[in-house]
Amino acid sequence: MSVNYAAGLSPYADKGKCGLPEVFDPPEELEQKVWELAQLVWQSSNVVFHTGAGISTASGIPDFRGPHGVWTMEERGLAPKFDTTFENARPTKTHMALVQLERVGLLRFLVSQNVDGLHVRSGFPRDKLAELHGNMFVEECVKCKTQYVRDTVVGSMGLKATGRLCTVAKSRGLRACRGELRDTILDWEDALPDRDLTLADEASRNADLSITLGTSLQIRPSGNLPLTTKRRGAGWSLSTFSPPSTYDRHADLRIHGYVDEVMTRLMKHLGLEIPAWDGPRVLERALPPLPQDSESWAPGPHYTSLSLGPLEGAWQGASLPWA
């Protein structure tokens with residue numbers, strides 16, 4: 001989990017401010033702010049979410065700079081606490097709320113700094129997701145750039161060889177590519193992946209509302225992306241679970257509360273249910289948005305899996321009512 005991920009990174013002195021105290025809005029104020037956020041989401045046509053480690057703490061994966069974060073505990077000379085592994089971690093209510101918001105067309109794009117793979121494993125479509133720092137479950141061919149989503153962590157970090165070769169053939173009967181597969185996890189000085197950074201930058205520039213969840217926005221250039229929405233005159237709403245973020249003063253709406261509680265309230269105001277997670281699934285391409293008057297969601301042919309083991313298998317569908 002994040003402890004092993006952090007330990008696998010190269011030594012780096014500037015990890016940002018760690019251990020800042022959590023801040024919480026009073027219950028009545030929190031409810032009012034989330035209602036305002038719901039109005040912003042409903043009125044916007046191009047909403048982009050930005051997520052950080054704080055959205056995964058409810059799954060048992062510690063964050064990095066929170067009161068009990070990996071680097072906070074490291075600064076104090078203490079061992080961080082953890083309750084799960086990357087493989088056993090389950091998507092949180094926030095992860096599943098984001099899946100539903102995309103399904104009904106209220107979320108245009110998702111930008112994440114997380115490497116835990118929970119967005120992909122929750123069923124969020126990969127073509128609407130930029131994972132700026134990599135994914136512990138994904139390896140990529142250095143020759144043809146094909147990516148493989150595995151059901152276990154790939155076993156290396158820092159864009160290193162995983163020991164496996166690409167099995168993709170351009171057409172039937174041709175020899176497999178056999179290019180070297182490497183992990184997608186960045187080390188401190190590694191450049192962000194071109195595809196993900198380009199998509200994240202374009203989405204942020206085109207957004208009329210950017211919402212940040214569970215991130216202090218201290219890591220750049222990821223932390224600067226919500227500002228591109230603000231600079232073009234569009235709104236920017238900030239929701240965070242703990243200490244005020246680096247750019248709080250630039251936000252139009254600042255919400256301080258546990259992110260799962262915020263997202264649960266948001267979905268209630270939008271008249272949406274948070275779908276239950278029924279196991280890891282990989283959705284390569286987004287399906288057409290669920291109509292607002294639809295009683296169910298009928299999956300189409302775009303639902304595929306590149307995974308091995310438990311991630312393989314057919315999607316059975318689910319009832320996702322729009323209240």
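Note that Cβ sites are derived from N, Cα and C of the backbone, with glycine treated the same way.
Remember, it's a predicted structure, so these values are computed and weren't measured experimentally.
Quick look at what TrEMBL annotates:
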- HIS133: active site, proton acceptor (ACT_SITE)
- CYS141, CYS144, CYS166, CYS177: Zn(2+) binding site (BINDING)
- 27-273: domain 'Deacetylase sirtuin-type' (DOMAIN)
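Structure coloured by features recorded in TrEMBL.
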residue	record	DSSP (3 states)
HIS133	active site, proton acceptor	coil
CYS141	Zn(2+) binding site	strand
CYS166	Zn(2+) binding site	coil
CYS177	Zn(2+) binding site	coil
- Query: Using the Cβ centroid of CYS141, CYS144, CYS166, CYS177 as the reference point for the Zn(2+) site, which residues of the same chain not in that list have Cβ within 8 Å?
  - Reply: VAL142, LYS143, LYS145, THR146, LEU165, THR167, VAL168, ALA176, ARG178, GLY179, LEU181
- Message: Name the residue among the binding-site residues CYS144, CYS177 whose Cβ has the smallest number of other Cβ atoms within 10 Å.
- Response: CYS144
- Task: Only counting partners 6 or more residues apart, tell me which same-chain residues put their Cβ under 8 Å from the Cβ of CYS166 (Zn(2+) binding site).
- Result: CYS141, LYS143, CYS144, THR146, ALA176, CYS177, ARG178, GLY179, GLU180, LEU181
- Stretch-averaged pLDDT - the domain 'Deacetylase sirtuin-type' (27-273): 86
- Message: Is it possible to get the count of other C-beta atoms within 10 angstroms of the C-beta of HIS133 (active site, proton acceptor)?
- Response: 19
